[in-house]
Amino acid sequence: MLKLFSAFRKNKIWDFNGGIHPPEMKTQTNGTPLRQVLLAQHFVIPLKQHIGAEGELCVSVGDKVLRGQPLTRGRGKMLPVHAPTSGTVTAIAPHSTAHPSALAELSVIIDADGEDCWIPRDGWVDYRSRSREELIERIHQFGVAGLGGAGFPTGVKLQGGGDKIETLIINAAECEPYITADDRLMQDCAAQVVEGIRILAHILQPREILIGIEDNKPQAISMLRAVLADSNDISLRVIPTKYPSGGAKQLTYILTGKQVPHGGRSSDIGVLMQNVGTAYAVKRAVIDGEPITERVVTLTGEAIARPGNVWARLGTPVRHLLNDAGFCPSADQMVIMGGPLMGFTLPWLDVPVVKITNCLLAPSANELGEPQEEQSCIRCSACADACPVDLLPQQLYWFSKGQQHDKATTHNIADCIECGACAWVCPSNIPLVQYFRQEKAEIAAIRQEEKRAAEAKARFEARQARLEREKATRLERHKSAAVQPAAKDKDAIAAALARVKEKQAQATQPIVIKAGERPDNSAIIAEREARKAQARAKQAELEQTNDAATVAEPRKTAVEAAIARSKARKLEQQQANAEPEEQVDPRKAAVEAAIARAKARKLEQQQANAEPEEQVDPRKAAVEAAIARAKARKLEQQQANAEPEEQVDPRKAAVEAAIARAKARKLEQQQANAEPEEQVDPRKAAVEAAIARAKARKLEQQQANAEPEEQVDPRKAAVAAAIARVQAKKAAQQKVVNED
């Protein structure tokens, strides 16, 4: 009983929801054997004829190529393309390809030499002795991709299946109207197709192998049954004709009763599907050693005089194939690549044949009927009834028109197989498939942009983390590479620390002085003397660093002399205007005298420290002499006009005498330091000597006429002198600081 149920289930088929039954229109071509087409003069081979990235070019312009020679390198999911014939590479440039957008893609353009020479072919007749990995790599490097329309790399698909494939399905349904490429291939090359199926089974090691074929192909069914007559490992399943039974998910459900989950793949349920044409290409790649350079293409439509199926070289322009079949275009002729439901209109006929090209349809105006204008949706739900994937095309249509990408994704627009059944039954003639294609392309672009943004964010975060790590490493390296003191430096540091500790200990100890003893200030005195010595050494060092050849500024000396003269004039005016009865404070007079003496000594030191090379400007000396003579005359006039009873203050007289002596010494030193070549006017010298003698006599008379009774307090004079010395010392230190 169990065996009976197993046998019943083994031959059981399931039916999917939806689907349509359009006119088949296959009789135009399925009765004509396969034929070859004359070679074209130019071939355009796009680098990307599959799902995935294009390969890396390995030829250059001007290279000679042979048929089957790789034009690109296939790495990872990149599938290589091969030269369809022998010739010369004339260009590598963008060219429009077989795509609904007709966008230009990078292509290799070859001029055929007409010889059609192959590369050396190395076939693996005993393929069973090869490992699974070797077979998959050979299939991949020979450019085999899904020839049913998807174009997925076959090697990658076999590698992804692994050991979890239990059922291998060969899709021979070919359900779309007009297309008979697989039908004719099975009629003419059934043995090679079965041999390719056995190679795939050897790689995957499935539990069962199923061939699904529609019942509208009786000749192909009979040829396959004849080849499989003595075989028990491959089962041929004939299914009812219904569109789209050839869809991967639909055929999987029909043969196994299993449904592929949303967003999943057939390998998730242990099923792997390959096309009949793909199995034939695998046989030629493994056993014959021939890369895929041609495929079967159906040329059909009432605009073609000789419809049929031909072996078309990849890269052959569509125009060349149509002309070979007797193409008779009308005024508004349309050429469709693919079937009438899933195909797309070509913008021009220079598009090349690629791996996924299975049909070229050139219908007449009678076949297409009158074009009908798109109308508004009437919500009849006919599209939902016809959908084989149980979607809601009406809702997806509104979401696509409204750019509501999230809602379209939620309603599983990605599961749409673009079969065109919804558009076929739509009474409003709405091209639903075009809307869905555009919406899926926009969603894919948005996801690609989001992926790029996420990758950029990840790169930025990784960069920030790397910078933080480098910063932490750098700080750690700086800490570890800090300067370590040498042995002698350590000793010095230890000694300094010991001295500091000793001083701190001494500072914390209380100072006790016995009665009758004086405190020991020797340390403080020594420190003070050390600071003084350090200051003197610093001053000496500063004096030594000065350049010996530097000439002292005469302007500074002149300014000091002018200040002294100004003070002298001011003092004389004060004396002349003073009242006879005005008494001067003797303490102030003593202080002024001390200040005058300090200034005089400071001036003498500056003159004594002046460099011997210092030169005195004779013009300035003459000016100073004239000023001195004017002062002398003014003083004589003041003395002549003074009252005989006026008493001169001896303190002021002493100050004036000191100033006069300082000026006299300054003048003598300037004359002594003058150049020996410089001659002094004798008349001026005599005048200056006379003035000096007059001042001296005047001073003597003033001192003689001074009151004998007036005595200066010696204590006050001493205090004034001390103050004067302190101020003089402070002025000297300030000068040193200013010079520094």
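Cβ coordinates come from backbone N, Cα and C, glycine included.
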**Study point:** From CYS359, CYS416, CYS419, CYS426, the one annotated by Swiss-Prot with CYS377, CYS380, CYS383 for [4Fe-4S] cluster 1
**Key:** CYS426
Review point. Other than its own, how many Cβ atoms are within 10 Å of the Cβ belonging to CYS416 ([4Fe-4S] cluster 2 binding site)?
Key: 21
Check your understanding: Apart from CYS387, CYS416, CYS419, CYS422, which residues in this chain have a Cβ no more than 8 Å from the mean position of the Cβ atoms of those residues at the [4Fe-4S] cluster 2 site?
Key -> GLY18, CYS383, ALA386, PRO388, VAL389, LEU391, PRO393, ILE417, GLU418, GLY420, ALA421, LEU432, VAL433, PHE436
Revision key, fill the gap. The DSSP breakdown of the domain '4Fe-4S ferredoxin-type 2' (407-436) into helix, strand and coil residues is 17 helix, 0 strand, 13 coil
Check your understanding: At the level of the C-alpha atoms, what whole-angstrom distance separates CYS380 ([4Fe-4S] cluster 1 binding site) and CYS416 ([4Fe-4S] cluster 2 binding site)?
Key -> 20
Check your understanding: Which is it, of CYS377, CYS380, CYS383, CYS387: the one of these binding-site residues whose Cβ has the most other Cβ atoms within 10 Å?
Key -> CYS383
Revision key, fill the gap. A 10 Å Cα radius around CYS383 ([4Fe-4S] cluster 1 binding site) captures, of the binding-site residues CYS416, CYS419, CYS422, exactly CYS422
